[in-house]
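*Asks:* Pasting a structure here, questions to come.
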Amino acid sequence: MDLLPDLWRHEYWLPPGITWRDMEQMQECPRPRDLLFALPLALGFIVLRLVFDRVVAPPLGRCVGLRNRLRMAVAPATKLESFYTQQNRQPSQSDIISLMAQCDKSQRQIETWFRHRRNHDRPSYTKRFCEKSWFWDQRECWTGYPQQPIERAHFWYYQLELGFYLSLLLCVSVDVKRKDFKEQVIHHIATIFLLGFSYCSNYVRIGTLVMLLHDSSDFLLESAKMFNYGTGWRKTCDTLFVIFAAVFLVTRLVVFPSKIIHTTLVLSMEVFEPFAGYYFFNLLLMVLQALHVFWAMLILRMANKFLFLGKLDKDERSDEESELEEEDDDKGEGEEKDEEGECCWERSKDALNSKLKMLNKSFVLNNLNNHRAAIVSKMRKAR
């Protein structure tokens, strides 16, 4: 902030009446300098991507499948289950000794059983996130704003997302240029500004909802692509595409404008008056919504082909170079067929010529034989 004081004026980033000093007095306050941590994460994502492409992707492509890690099955034990559900999930040393005598098990067996039992009841990350009040009631996004403490999980969620999109933007020059290349660049830039601004202005609650909404469909698209490049997985690819299209259209064209944009445009005004950051944040959300409409049109075109043709021929975003290569391949195949046809005609022509020559020879021989027979018969008559 000391380097660019005009840029970091609190009038741009915070609601009226709130200053950066007020934010610093709050515990667990998001600070703009925290975003610098995303830079090494972006480099880490790039390295991770290179390792994945060269080491992990080849065998994964051969397998064309994902195997979820299964949890260890918990062996049935009535007394241990009763103690776990009624008394304590983490028994003390004295409790373990008592259970050893009751169950005729060793200390290690009892500790292992309780560890597996706790792991079995551990909620997933999605379930933990759904416990957040603002997930269901968007008005809670602005309760106490902007002096809202940030949880550690949300801090890392922001850092990982920001690092990931920075890595995508840094690698955009070496990626395959598709038809929506410009839209992808605009999307990455808008997302990076959204993440950075929402963190600095403590729009963290609404920011986590935006990220979760986008992440809910992206992994389905990548999974469908993976199976599309494999052989024998056409039905799986088509099924994943149908699920992805449904999730994308609902979340991006219905939930995003009716919940997210409505929350930031309308519900936020119940708590504070508009300021510069309010307009900037909502402008970026509008840019994302325009991109959502653009990609939704491409998805609907693919869905139309799927319904009438029964299969997906190719991605509507396929790069132009790939299409040219396919056309060149088609032309090459046509030229090869023409050459093969010419070769076949030459062979047939040679065969016909040889047969004609044989017929001519046999015809000449027959004439000579007939002429000879006629001369012989005349000589016999003359005698």
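Please read every residue number as a count from 1 along the shown chain.
Heads up, the Cβ atoms here are built off N, Cα and C, so glycines get one too.
No curator has checked TrEMBL annotations; they are predicted automatically.
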*Asks:* With TrEMBL as the source, identify the stretch among 69-125, 126-182 annotated DNA-binding region.
*Replies:* 69-125
*Asks:* Given a Cβ distance threshold of under 8 angstroms, which distant residues of the chain, six or more beyond its ends, lie next to the transmembrane segment (35-52)?
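*Replies:* Same-chain residues near the transmembrane segment (35-52) but 6 or more away: 158-160, 162-164, 166-167, 170-171, 196, 199-200.
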